[in-house]
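Written below as structure tokens is the structure these notes are about.
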Ligand SMILES: Nc1ccn([C@@H]2O[C@H](COP(=O)(O)OP(=O)(O)OP(=O)(O)O)[C@@H](O)[C@H]2O)c(=O)n1
Ligand SMILES: [Mg+2]
């Protein structure tokens, strides 16, 4: 197979490939970018595999960065772009099920490709678009099949994360997992606990953000992999419930964690415990908390102005998306319109501040100031008071008297 029209990311990298070849070495595009091009999907980064050793690459190109030289990876800088090139290699050892004990550089493309995870990820492409397909990856791409290269057991022992990758691709590409590969995951699922939570998290997020998340979730359950993911062992029924939802497409990590938390009936501190177990960022945690607490009122259909205000625009859209998945009926554009009509969007927009309260209403510094500001804020948001300095000062004095 020759791909005639290559995406511009490959075109740009061509001179680099040609230079490696001119020096007498082989160079191929490998990995996800080749797979996604054949699937007509947009690509992000192009990876290059080469028979040249890192030191040889550094002799060919003047501007390089050692991004992972012990693994054979050198970044070539060319016309303001960086190209990761990795020397063909084999790996051995894998006593910890996640990293090889030893990496050996080799000159043969075949040896490099045969240690890769799935046939669809073991394609290589020359700079002229010729595809090298040593493991029937093209056939599997066409059939929509995820199949381990060689023996699944070996591939999963080399890196147990590959089991999560398999189900992630099942969702992302809407592919099936081939029988022996699926059985390999079932048999080796427990090895996933050896993998750093952060790596597993990235795969779970990609799974839930994928084209057909239900496909990935069924495989997660069917293979028992979920039992070796942080805390998911407790939530089999919650996970199963997700399979019944109609056609859903999430669009951020925060939506992933909010959907899971809501589907698992988690609240307050339970959300924190769950997300901490998955080591999400604090920002994701904060946003998820806000979204999860907004879902039930949205589902009930009468969200208060104060809820809209405290949730904020972006989180509100996510919360309503989740509410609608569970039967909520509020239209998101209408809800956002209501939000946009709130008199203020944050405390900063209140026409009065603590300093003015002290100076112009003669209030003494202390916690009372905060309490009064919050009451004024609530009144303004609810449309009970105008957002004007004089009337707010007047009201502040009244509150202080009581
Ligand atoms: N555990 C892994 C990770 C990666 N690879 C190989 O390295 C390539 C690049 O890895 P990566 O960028 O992590 O995955 P992609 O397949 O490119 O997927 P994505 O589009 O998500 O980057 C893969 O295609 C595969 O050939 C592998 O064999 N085993
Ligand atoms: Mg990639």
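Start at 1 and count along the chain as shown; that gives each residue its number.
Quick reminder: no glycine exception, Cβ is built from N, Cα and C everywhere.
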- request: Let me know which member of 89, 107, 116 TrEMBL also records as binding ATP at the site of 32, 35, 159, 162, 165, 168.
  value: 116
- line: Spacing of the two Cα atoms, residue 168 (ATP binding site) and residue 45 (Mg(2+) binding site), in whole angstrom, works out to 19
Message: Which binding-site residues are spatial neighbours of residue 45 (Mg(2+) binding site) here, meaning Cα within 10 Å, out of 35, 116, 159, 162, 165?
response: none
- request: Over all pairs in 32, 35, 116, 159, 162, 165, 168, the listed CTP binding residues, work out the largest Cα-Cα distance in Å.
  value: 20
Task: Give the helix, strand or coil assignment DSSP yields for residue 35 (ATP binding site).
output: helix
